Amino acid sequence: MGFKWMNMLLLCVLFVVGAMAAAPKKPMDVPFGRNYENTWAPDHVKYFNGGSEIQLFLDNRTGTGFQSKGSYLFGHFAMHIKMVAGDSAGTVTAFYLSSQNNEHDEIDFEFLGNKTGEPYVVQTNIYTGGKGDKEQRIYLWFDPTKDYHTYSVLWNLHQIVFFIDEYPIRTFKNSKDLGVKFPFDQPMKIYSSLWEADDWATRGGLEKIDWSNAPFVASYKGFHIDGCEASVNAKYCSNQGTKWWDQKEFQDLDKQQWRLLRRVRDKYTIYNYCTDKKRFATMPKECRRNRDVPRKSSKKSP
């Protein structure tokens, strides 16, 4: 079955099943300046509609990026993004959370550019105690350059869930009882950036960036943050247990959401660290708890 037909089939299933699944609250769209500030190359950012929409630019001089004004311990964080169009090989559009020390925690969305007409690749990763090596990659089942789509992270004491629009694409359960570190006591800032990484981003660095296509442009709006704001040194959330994302129904995915997640994994996963025996002779302990063993495993490496 071709990519186009698989795309249509998946969307139909997502529509039917997704209507029954519990989902995070709808993000509240606010101006950029309420929650975020530019961190580098301000001349490569353009603002529209009173700051409700921005564009990041990448050229052969520099990329650019921004970060949240506050730091957060748990919450729901969302961004509407329209990815770099055309030949975007060698570019990376990143949306992630990160704490600010050497043994940092991090929750990553990285959108890897590609040649014109090929599907975008999304890489997710999680760092705990300064160590990552938990990469997963999927093809997007739609063209993310045509319209805005919502990319979000739900993070509480029980799990981390990556969402694209309303659909979960990855979950990472708290498995401290198995000896697996979980981000729970280091507040994180939220970051986004557009930058050049043609040494690895597209086909492992085989496809280089074509600067004749510059400037590369990624568009943003939404800028939603609903989290427990804390100082960078805080070790706990003062309103733990009182927020909607802290309630019982968000401690795990429900059956319908697991079904959606399994479908995305089976049809669109191109790399999963859990099945990479060259890197991990023994499957990482958290993989089975996260049901991260697809029925169709990939042989590709990041």
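Keep in mind that glycine also has a Cβ here, set from the backbone N, Cα and C atoms.
Given the structure is predicted, the values throughout are model-derived calculations rather than measurements.
Look at TrEMBL and you will find Glu106 tagged as active site, nucleophile. Per TrEMBL, the feature active site, proton donor maps to Glu110. The domain 'GH16' annotation in TrEMBL covers 23-220. The N-linked glycosylation site feature in TrEMBL is assigned to Asn114. Look at TrEMBL and you will find 1-21 tagged as signal peptide.
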Item checked: Long-range Cβ environment of Glu106 (active site, nucleophile), under 8 Å and at least 6 residues apart -> Tyr96, Leu97, Ser98, Ser99, Asn125, Ile126, Tyr127, Gly132, Met188
Item checked: the residue listed as 'active site, proton donor': tally of other CB atoms within 10 A of its CB -> 19
Notebook entry, point to check: Within 10 Å of the Cβ of the residue listed as 'N-linked glycosylation site', how many other Cβ atoms are there?
Noted result: 23
